[in-house]
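What follows is a single structure, written as structure tokens, with notes after it.
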Amino acid sequence: VAYTAELLGLLTNPYVFSAWAMVDVNMEDRVDVSLKGQAEISCIYTLMEPANMIVWFTKSPGRDQSRRRIYYYDNQSEIIDEGSEYAGRINFTHSHEPQNARGSALLIIDNVQLSDQKEYICTVHDVSTDSGEGHTRLQIFNSPSLPVIEGIHMGISVTAEEPSKVAHCKVDDGYPRPNITWYKDRFPLQQSDDEVKISESETTKANSLFTVESDLYIKAQRTDKDALFYCEVKYFVPGGVRMTESKEINIIVHYPTTEVTVYVNPPDRLIKEGDTVEIRCEGNGNPQPVLTFTHKGEELSADNEMLLLENVKRSDSGTFVCQSNDFDAGIDTEDSVNITVHYLDQIVVTPEETVLNQGEDLTLTCNALSSLPTLTAWYKDGTQLVERHVLELHNASYDTAGLYKCEVTVPSLPELQQQKSVQISVRGKPKIIEEITVGPVNKADRSVNLTCNAEGYPFPTITWTLSDQRTGQPVPVPEAENQKTDTGILSMISVRAMSELTAKCSAANELGTEDVSRKIEAFARVTTTTTQATSTKGGSGVVIAVIIICLLLIAILGSVLYFLYKKGKLPCGRSGKQDFTKEKASKDDIVMEMKSGKSEEAVLLQGVNGDKKSPTE
């Protein structure tokens, strides 16, 4: 009964009772340790007094079940049988607790190697002939490298009868042997003869570590083109299991084209003549099939998926057909798109270049052929007159004459726009719009521009005449610059008025003549000379001498004038007065100079009574 109770107690104990004797020995069933790590194997026994002898053995797995001693201890001696494989790597300790009637022995293995994976036996003897022993298996672990996945670059076909190779997964240096599981979009793949095939191989290296390789084969479907494949590696570690994943890969799937789509890029814009149009065709297969474009039954030159039409015309409107030819699958499909090339023709205005008599009415019509609704407007001098294609002119006058512009636009396609102008002339004798205008003085040559603007049709001829107001004699007329306007002629001449002139502008055509005159005043000529004052020791004397000379000259001039006045040759009436403020640039002018220390002025004076004087006078 006592034996049975003890045996039942051992069944629930985490330690395994290896041999029943008077000495109870307990050891763990298995000790896990990582490669290159440190292993501790404990042996616990029950004795009232210290053990008389402790012996450790190893037993290799396999057919050879013989024991090999690695440690011996008794009261007189202690022997460590290291041998070559344990040299310098093992240590032993033992202790005893009398109060608990319990003792222990500990085996420590440093730098654990795969060859250390064995069964370790601890034998304990008491002072009598009784003994007991325990057994522990040492399990070595090594974490493998990260898995490496490589996809098939050439692609697989959905039409293949057998599963095709998709990817290869490899993991190195694992112990115990790691396991590889394949996934598609996070779902594990299981071996299936028809759809999925997994082929694995393992290699044991010289260092006893495992290399595991796995190939995945599937029968591809069209949806697999977007699937993500990866491999998962599970491996053992001390006390558990861990997992690591490879990167995800996408495979190339070949499948036939069952449908094509043709469209204009960009799809929503209106096309006009002169545009460049891009038509694209895409099949739903991979790779893209051979595509051909046709228009009105004629095959067009295209870059397989794209047809480029440059400088399109309205004749390019119509249906464009794209056809695919999948020779491998033997499937032909097609699709079409219709395009419209919009246009706006040149404007036709009736009548053109019209001449009206004053008081007449006229109706102008503007039309342009277009593929889209248009908007028509008439303009004159930049101002919109009406917004329709008909313009009515009533009771024609000179104000009616001018250049009229018709503009046709397409609101839905603003790039389509046409313009045309028509000249309307109103018959009548010339009419000078305003008097002769005088421009500003040109400081370089003391000239001014005279302008005369006359309207009428036929366009009038403008003639200029110039005359001296004092003598009435004609003055040569420079060449005129004439410019046509919408209603007449604008004429301009450049004049240097050295005396008072009368300018006359005459406008004439076959229906009559009109002229206008204007007086042009002479332009004064004032010359100012500046002298540089000098400062010397005798400067004050020179100034006094100059002042005396000037006073003598004034006295002499006053005497002469008084003498002439007494003789009656210098009238003092209103009719005899001379205007000393007007300057004439002629050779008979009298020059009076007034000098100062800093400047001198020369003022031209008219001769008395207009008499010509000799240079000496």
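Yeah, the Cβs are placed from backbone N, Cα and C, and that goes for glycine too.
What TrEMBL records for 14-139 (among others) is domain 'Ig-like'.
Annotated domain 'Ig-like' per TrEMBL: 144-250 (among others), in sequence order.
If you look up TrEMBL, you'll see 256-338 (among others) marked as domain 'Ig-like'.
Among the features that TrEMBL reports, domain 'Ig-like' is placed at 345-423 (among others).
According to TrEMBL, the feature domain 'Ig-like' maps to 430-521 (among others). As a summary of secondary structure, the domain 'Ig-like' (430-521) carries 0 helix, 57 strand, 35 coil according to DSSP.
The transmembrane segment annotation in TrEMBL covers 542-565.
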> Reported in the order helix, strand, coil, what are the DSSP residue counts of the domain 'Ig-like' (144-250)?
Replying inline: 5 helix, 63 strand, 39 coil
>> If you average per-residue pLDDT over the domain 'Ig-like' (345-423), what number do you get?
In response: 93
> Do you know the DSSP helix, strand and coil residue counts for the domain 'Ig-like' (345-423)?
Replying inline: 0 helix, 43 strand, 36 coil
